[in-house]
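Encoded as structure tokens, the structure appears first; notes follow it.
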Amino acid sequence: MSSGCRSVGGSTWGNWRGDGGDLRQRRVLSPVCSAPAAGSWIGSQLGNVGNLLATPHPLGKPASSRVGTIVLACLLLFGSCVVRAVPTTPSPPTSTPTSMSTHSHGTVDPTLLPTETPDPLRLAVRESGILAEDGDFYTCPPPTGSTVVRIEPPRTCPKFDLGRNFTEGIAVIFKENIAPYKFRANVYYKDIVVTRVWKGYSHTSLSDRYNDRVPVSVEEIFGLIDSKGKCSSKAEYLRDNIMHHAYHDDEDEVELDLVPSKFATPGARAWQTTNDTTSYVGWMPWRHYTSTSVNCIVEEVEARSVYPYDSFALSTGDIVYASPFYGLRAAARIEHNSYAQDSFRQVEGYRPRDLDSKLQAEEPVTKNFITTPHVTVSWNWTEKKVEACTLTKWKEVDELVRDEFRGSYRFTIRSISSTFISNTTQFKLESAPLTECVSKEAKEAIDSIYKKQYESTHVFSGDVEYYLARGGFLIAFRPMLSNELARLYLNELVRSNRTYDLKNLLNPNANNNNNTTRRRRSLLSVPEPQPTQDGVHREQILHRLHKRAVEATAGTDSSNVTAKQLELIKTTSSIEFAMLQFAYDHIQSHVNEMLSRIATAWCTLQNKERTLWNEMVKINPSAIVSATLDERVAARVLGDVIAITHCAKIEGNVYLQNSMRSMDSNTCYSRPPVTFTITKNANNRGSIEGQLGEENEIFTERKLIEPCALNQKRYFKFGKEYVYYENYTFVRKVPPTEIEVISTYVELNLTLLEDREFLPLEVYTRAELEDTGLLDYSEIQRRNQLHALRFYDIDSVVNVDNTAVIMQGIASFFKGLGKVGEAVGTLVLAAAGAVVSTVSGIASFLNNPFGGLAIGLLVIAGLVAAFFAYRYVMQIRSNPMKALYPITTKALKNKAKTSYGQNEEDDGSDFDEAKLEEAREMIKYMSMVSALEKQEKKAIKKNSGVGLIASNVSKLALRRRGPKYTRLQQNDTMENEKMV
């Protein structure tokens, strides 16, 4: 300690004098005998005390003041020598005061050795500091130039492009035609039914039944059906190479009228010659009886055929294995036909007959007839290209936008929220089969839309273009231009004198699409060479080759070859992919537009900010480079480059001193002084004194000073909070929430995606899907179930209540007569209903089995009664007296005689002759009356005047003839006499 004091109090201190005059009482100095700590400001000042004493005062003060200063310094140094040694670095307090420290000077520093005692001055300095509770602090060494960087030069900003070649127009979308080709056909056949019945003694049974259909000959169709509306009862058919004949009812051939069927399906009409099936049963039992029924049937049904139209089906269930477009013309001979040539017949100018109205058609047609083993089919022939089409119209689009993107066209249709993608090359309709209808329908639909909506505002800029989109949709598109844009084009053409190029300017894609395919060369395209004398051999060869090419083309059907090479367009059953494509394109366009605008704006802003960075780095290179690298660095400009060093994070404690005044009374620190340790748990000897920089940066030196000013107020960021100094003295901590924030950021205003609803669309309706098959099975099933009811015993199946119809007619008649007539009609209908009900009841009773038995018994009883009546009548005719008056018989006479005591052998001489004569007269009179009644009835029946006159005369004669009949007495005189 003495040596330290002597070294300090040597010649070095002899010339020292203070810089600021008298020391202030609140300034604390810590003279230390030992070597000062590294980085200590007091130690550095004491170490340079000799220099301070040797340096003359700038104000040129007298030597007497210097001597006083030297004496005061010696006293201070002498006092410090007698103090015990203390650590050079103060230990941090256990607690961080928020204001001026009020701790006792008797606190013992735990970092001191047991033999050491704390320095009160150092404890005062230490306890007057503020510990940083949170936040990261960094210390940055000065850059030396070992690491240099430069600022990137300006970039080229991208330019955003919405698309290329946007074109608006009208379009018609076609889809695959899955519906069959439908037409009407007539079916002619004779239904033959051969029945075999066994006749027993008391029963009849059906032992066999043969049913077959045979075709009607074409000659019979011409001569009878379509000429007279009749059909023959004879049927000829070939079975097992044998010609068979059948006759209706097993009788001779006759012509029968064709009558409408009583029961027909909605999609067909039918006519036949009979409704009943003949079943003959003879009178002789124990035999088989065979009968034949021939029913001539004509049906008008619906026929269907699907691509490639090599056959067609009828609603009767029959399939004809020939194309409906087959014919004898040149273009129709190539169609498919599986039947022999003699089975087919085509008639030009044919006029069929309507079997309902019995009238022939006014316009002649071309009729085809095909005879199959069971039926003859006829239909009207039409050209294939006119009737059949493999594509059908799906949607008419009145607003469509086409844009070119990455070598493809995108057709956007907002009305159905769909986007279709196709190649930029137009689709040739000739490459697909049977597409002649597309161009016609597309042109008509586009012209109709244009006249309704765009005729006054737009003009067409090209012809109809065809594109095959993904999914099998054919788009017929015709581009348009608004009138204003068309005028601009015309003005540009007139200005550049290119009026001949108007079409190419309005539609620049027309030439590209039309010239994309190279025309194939052929010998047919070479003109026929003319032989010359100079090159006869060469010309002959060319002539021969040309002729072979023509013959090959003529011999091989061009349509058939083309049909093999053509490919049918297949369309998907859903357009969900197109709707998703529309949604994706919509989102993609919006997002890409926003991102591209952001990228362009960001790049432009970066280029502008780069200039600002380049200028600001000259002012504060460390802050600029740290913000650029997003890392704490220390920087220094070295010409056109920047030298940097990386900052180290302070892991130890940082203490902020509560005073910003330096030892000079006129000089103060511009940033607060701090004391810190690099690592944690460091002792007092490892503490470093520095100065607080910006953004929690710690300087290892205290070089930031300024002249002291009055009413000074400063806020400094210390950790995560701010500290407030007033007049270079710490006042309090300030939370960040008490300080209002001003934002330097530019808000990015982005537009949200607009709502887009997906519309449910059906490419094929349920009716179309149900109608795709070759056969309508519901129609076939209905027809087959009703076939028997349609032609056989229809009267026993279809019961029509004629009584109800008659009653309804009578009721309508009486109802038209007014209220009185309606009342009378009610009574009449009630009575008639009772009668009808009675008759219906009797009929129902007769149809009942018990009723039939009762009727049989009644018939037998009637026969017995008739037999006895017949015997009685015969008895009257043979012996009327005996029959009418049995008392006159011989038995009665004998009985009477016996009663009077006479024998049977006695004669009848005692019989009363008068009574007998009266009886004879009575019988005679009765016979005359009977004859007279018969004569009168005949006269009345014949309405003959002569007979009536004769009858009246006979009546007069009978009235005047003879005495009148007198009644016999009840008692016999003989009996009376006997009783007396």
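Backbone N, Cα and C atoms are what each Cβ position is placed from, and that goes for glycine too.
Sequence annotations record features per position, and here Swiss-Prot assigns region 'Disordered' to 1-20, 88-118, 505-535. According to Swiss-Prot, the feature compositional bias 'Polar residues' maps to 1-14. Annotation comment: Swiss-Prot describes ASN165, ASN275, ASN380, ASN423, ASN497, ASN514, ASN515, ASN560, ASN727, ASN749 as N-linked glycosylation site. As annotated by Swiss-Prot, region 'Involved in fusion and/or binding to host membrane' applies to 197-203, 282-290. Residues or ranges marked as region 'Hydrophobic membrane proximal region' by Swiss-Prot: 794-847, 823-843. Swiss-Prot lists 925-928 with the feature motif 'Golgi targeting', giving sequence analysis as the kind of evidence.
Taking CA atoms as the reference points, ASN727 (N-linked glycosylation site) and ASN380 (N-linked glycosylation site) are 117 Å apart. In this structure the C-alpha atoms belonging to ASN165 (N-linked glycosylation site) and ASN423 (N-linked glycosylation site) are separated by 14 Å. Annotated pair ASN380 (N-linked glycosylation site) and ASN275 (N-linked glycosylation site), C-alpha to C-alpha distance, rounded: 29 Å. Closest to ASN497 (N-linked glycosylation site) by Cα-Cα distance, out of the glycosylation sites ASN275, ASN423, ASN749, is ASN423.
In the shown protein chains, 12 other C-beta atoms lie within 10 A of the C-beta of ASN165 (N-linked glycosylation site). In this structure, the glycosylation sites ASN423, ASN497 were compared by how many other Cβ atoms lie within 10 Å of their Cβ, and the smallest count belongs to ASN497. The number of other CB atoms found within 10 A of the CB of ASN749 (N-linked glycosylation site), across every protein chain shown, is 5.
In this structure the C-alpha atoms belonging to ASN275 (N-linked glycosylation site) and ASN423 (N-linked glycosylation site) are separated by 65 Å. Around ASN380 (N-linked glycosylation site), a 10 Å sphere centred on its CB holds 15 further CB atoms from the protein chains shown.
Across the region 'Involved in fusion and/or binding to host membrane' (197-203), DSSP helix (H, G, I), strand (E, B) and coil residues number 0 helix, 3 strand, 4 coil. Taking the Cα atom of each, ASN423 (N-linked glycosylation site) and ASN749 (N-linked glycosylation site) are about 38 angstrom apart. Reduced to three states, the DSSP call for ASN727 (N-linked glycosylation site) is coil.
Secondary structure by DSSP for the region 'Involved in fusion and/or binding to host membrane' (282-290): 0 helix, 4 strand, 5 coil. In the predicted model, residues of the motif 'Golgi targeting' (925-928) average a pLDDT of 77. Within 10 Å of the Cβ of ASN727 (N-linked glycosylation site) there are 16 other Cβ atoms, across all protein chains.
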